[in-house]
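What follows is one structure encoded as C-alpha cells, with my remarks underneath.
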Amino acid sequence: MYSEEYRLLSLKTILVAVIFLVMGGAFALILRSQSGLTNTGVPYVVSPVVYFEIMTDHVMSMVFGLAFDVVFGVSLYLVPLLTGTRIVKYPKLANAGLWISTAGILMMLLGGPQNQYMFTFLNPLMPASNWFIGYDLMIAGEWLVMTSIIATSFNWRSNGRLLPLGVAFIVMDMIQMALANMSVFGAVIWSLFSPLGQLGINLTGVPNSEVWKGLFWYADHPLVYFAPYTLLGASLTIIPLYAQRPIYSYRVLRWMVPVLFVLGMSVYVHHIATDPWPLVLRDVFAQTSTALIAIPFAVVWFLVLITLGDPRKLKWDVTLAFLYASIVWNIIGGIQAEPVQPSPATDPTIHNTLWLPSHFHIMLALFTVGGFFGVLYFILPSIIHRAWYSKTLAWINFWGWQIGMALLAVAFNVGGFFGAIRREVAWPAVYQIYYQVAAIGGWIAGFSAAALVLNLVLTVFLGQRLHEEDFPKWLRVALAFERRGMRNEGYKEEELPYLPPESIKNA
C-alpha cells in the first residue's frame, strides 16, 4: 500500500489505472450492448435508469480513473529518471493522493440511481451527496500527487540547466490541471453547502446554473488535455530512439510548452460557442482559442514526423505502432473538429449529437489511451525488469483497439451528422444501424483490452527476467539525443539537461 521507491510508486499507480480500464470497459460494453440491441429503451440488458447511471460511471472510470492514474504512473517513473535522481519528492503525498483520489472515484461510482443525472453535469440536477463529496475528495488526492510530481522535477541541482523536454511537458501539465481544478472544487463546495448537497448545511440557495456551469466546465478543457500533454512529454522522449536521431527542433518544442499551457487554459466552457455568457468571452475563448490550439499540435507532429522520416525505414514494434497511430488519430480528430466546433453556426447543430462522442473517443480512446498503451509497452519492462510475455497478444491489443474504436468513432460521427441525438436511451429506428456498428466496435476494442490485461498478468509472473540497471540504456540514449540536438541548435553546454556521469560512456 505504501512505497517510496519510484518504480513501485509508478507501478501501483499504473495497476490502479488498469483496474479502472477494466471497470470502465465493462460499463462501456453494457452501454453498447443495450443500445445495439434495441432503439426503444426496452431493458434487454439494463433499465433506462441504470443505462444513464452507467453512462456517468463509464466517464468517471475512464477519465478520472484510467486517464489520470496512467498520467500519474508514467510521470512518477519518468520524472525521477529523466532528472537523474531516481527519487520521488514527498512520497507520502504521492501515496496518500493515489488512495484518496481512488476513494473519491469509488464514492462517485457508488452514487446509485442518482448518478443518472450527472452525465450532463448540469446544476440543479441533484446527485447523491457522496457524489459531490467523492468528487472533491478525488481532486484533493490529485492535488497531492501533482504536488509530489512538481516537487520531484526540481529535486536536483540544476545549476542553470534546463529540464529535459519530457519533464517540461509533464510539469506544465500538472500545474495547468492543479489550477483548473480550483474552479470545479469551488463549484462542488457551493453545491454541497446548498440544498443540492442534502447535508442540511444550507449556507446558500441553489447555485446559479450559469455561474455554476462556468466554474465546473472551466476545468474541463485542461481536463481533456491533461493526459495528452503528458503523452506528448513521454512521446518526445521515446520517438528519437526509433528515429535514431534528435527531434528536429528542441527550441521550437520548448516554446510549445507555454503556448499549449495558455491555450489549454483559455478555451472557455469547453467550446460552447453559443453559451449565454458575455460575447467577448465566447468570441475570444470559445472560438479563437479553440481554433488556435490546433496550431501547436500541428507544429509538434510536423517536427516528430519529419524526425521519424520514411515509415518504411523504421524498425516497427507495438510501441511505435501505437505512438504513430496516436499521432494520426490526433490529426484526424483535429480535422474533424476545427471546421465545426469553434463556429456558432455549426456548434449548436452538432454539439448534442453522436458527433461529439465520436470526437471525444477519437481524442481520448484512440489518440490518448492508444498512445499511452504504446508508452506502457515501452517502459513497463524497465519498471518490473521483465520482458513482455507475448508479442502476439500485444499486436492483438493494437489492431483490436484501432479497428474497434475506429468502427465506434466512424459510426457515431456519421450518425451524428444525420442527426442522431446523444445521451438518449431511445431513438428513431433509422439510427439503429449506427448503434449496432458502434456495439460491434466496442466489443472488438473490449477484447483487445482483455489481451493487454492478460499479457500484463502473464508478464508479471512468467515474463523473461531482464538485467537491472540504475539508468536503463534507452534513457541514457534518449538524454544523449536531446543534449546533442540542443547543442546543435546553439544551446550552451551548461544549459543542457543533466546526464548522469556513469551514463556518458554508454550513451
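Glycine too: its Cβ is placed from the backbone N, Cα and C atoms.
Annotations in TrEMBL come from automatic prediction, not curation.
On the 0 to 100 pLDDT scale, the domain 'Cytochrome oxidase subunit I profile' (1-461) averages 92 in the predicted structure. Under the heading domain 'Cytochrome oxidase subunit I profile', TrEMBL lists 1-461.
The transmembrane segment annotation in TrEMBL covers 12-31 (among others). For the transmembrane segment (12-31), the list of distant contacts is 3, 45-46, 51, 54-55, 57-58, 60-62, 65-70, 72-74, 76, 98, 102, 105, 109, 376, 380, 383, 442-443, 445-446, 449, 453, 456: same-chain residues at least six beyond its ends, Cβ to Cβ under 8 Å.
Sequence-distant contacts of the transmembrane segment (59-81), counting only residues of its own chain at least 6 positions beyond either end whose CB sits under 8 Å from a CB of the stretch, comprise 6-7, 9-11, 13-14, 16-21, 23-24, 27-28, 87-88, 94, 98, 101-102, 105, 108-109, 119, 138, 142, 145, 148-149, 152-153, 155, 166-167, 170-171, 173-174, 223, 226-227, 230, 233-234, 237, 364, 368-369, 372, 375-376, 379, 383, 471-472, 475. As annotated by TrEMBL, transmembrane segment applies to 59-81 (among others).
If you look up TrEMBL, you'll see 93-112 (among others) marked as transmembrane segment. For the transmembrane segment (93-112), same-chain residues at least 6 beyond its ends with a Cβ under 8 Å from one of its own Cβ atoms are 1-3, 9, 12-13, 16, 20, 23, 53, 56-57, 60-61, 64-65, 68-69, 72, 76, 118, 127-128, 130-131, 133-149.
Positions annotated as transmembrane segment by TrEMBL: 132-154 (among others).
What TrEMBL lists as transmembrane segment is 166-193 (among others).
If you look up TrEMBL, you'll see 223-243 (among others) marked as transmembrane segment.
As annotated by TrEMBL, transmembrane segment applies to 255-273 (among others).
Look at TrEMBL and you will find 285-308 (among others) tagged as transmembrane segment.
The annotation transmembrane segment is assigned in TrEMBL to 320-340 (among others).
According to TrEMBL, the transmembrane segment annotation covers 360-380 (among others).
Look at TrEMBL and you will find 392-421 (among others) tagged as transmembrane segment.
What TrEMBL records for 433-463 (among others) is transmembrane segment.
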